Amino acid sequence: MTTPHQPAAIAHLNVVVLVSGTGSLLQAIVDGQDEHYSVVKVIADVPCQGIERARAAGIATEVVEMGADRAEWNQRLVAAVDAAQPDVVVSAGFMKILGKDFLDRFEGRTINTHPALLPAFKGAHGVRDALAYGAKVTGSTVHFVDAGVDTGSIIAQEPVRILAEDDEASLHERIKVVERELIVSVLRAARVEGEALSIQL
Ligand code: GRF
């Protein structure tokens with residue numbers, strides 16, 4: 001029996017990860033699995049290294065490729081995610097915008113990792129844009145996904161200094177080192193409250 005002085009048991013979270021590319025963040029999430037969470041499925045919009053990493057780890061995978069009809073693709077994506085019954089959906093280098101059908105089903109439980117300190121440098125080129133602007137500090141943001149592009153409420157951020165000798169690749173790699181740690185910390189801190197997620201770091 002739980003007394004007022006004992007914390008309630010922490011439920012183990014089932015996580016679905018969405019990827020489009022290399023999947024190094026996915027690898028960190030997989031390597032970070034513990035009593036807090038398990039990755040139950042990895043879904044991509046294109047065949048990619050992230051899918052290969054998931055297969056190598058023995059995790060269920062599905063590639064949901066977009067055809068001419070974006071709304072129909074969103075429905076297939078919802079079905080692919082729903083089949084895994086996740087508590088949390090992580091967009092980790094997933095390069096497609098999640099549409100209304102997806103958000104109707106999973107908003108509040110879907111989080112994204114972005115390689116800049118939002119609200120600065122939103123969009124697909126956050127690293128390149130911070131460099132081009134001449135910013136001296138950028139970083140990583142984990143945030144809830146909403147209907148905008150990188151506009152959802154911020155869960156966690158970590159800064160990364162931009163060095164004079166940085167190019168996009170060197171800066172992105174240092175940001176990814178920070179992103180990998182941050183997303184694992186967020187997943188370990190996540191709790192389900194009804195249909196939504198509560199994350200207090
Ligand atoms: C990360 O920087 C993520 O924030 C961005 O794409 C990158 C994914 O890297 N959206 P990887 O495929 O996990 O190596």
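The backbone N, Cα and C atoms fix where each Cβ goes, and this holds for glycine too.
Unlike curated entries, TrEMBL annotations are predicted automatically.
It should be emphasised that the depicted structure is a prediction, and the values quoted were computed from it without experimental measurement.
These come from TrEMBL:
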- H114: active site, proton donor (ACT_SITE)
- R70, M95, K96, I97, L98, N112: (6R)-10-formyltetrahydrofolate binding site (BINDING)
- 14-187: domain 'Formyl transferase N-terminal' (DOMAIN)
- D150: site 'Raises pKa of active site His' (SITE)
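On the structure: features taken from TrEMBL.
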| residue | record | Cβ contacts under 8 Å, 6 or more apart |
| --- | --- | --- |
| R70 | (6R)-10-formyltetrahydrofolate binding site | G99 |
| M95 | (6R)-10-formyltetrahydrofolate binding site | S20, G21, D45, A124 |
| K96 | (6R)-10-formyltetrahydrofolate binding site | S20, D45, M66 |
| I97 | (6R)-10-formyltetrahydrofolate binding site | V149 |
| L98 | (6R)-10-formyltetrahydrofolate binding site | N74, L77, S91, F106, T110, V145 |
| N112 | (6R)-10-formyltetrahydrofolate binding site | V90, S91, A92, F94, V142, H143, F144, V145, D150, G152 |
| H114 | active site, proton donor | K122, G126, S140, T141, V142, H143, D150 |
Between any two of R70, M95, K96, I97, L98, N112, the residues recorded as binding (6R)-10-formyltetrahydrofolate, what is the biggest Cα to Cα distance in Å?
20
Averaged over the whole of the domain 'Formyl transferase N-terminal' (14-187), what is the pLDDT?
97
According to DSSP, folded down to helix, strand and coil, what is R70 ((6R)-10-formyltetrahydrofolate binding site)?
helix
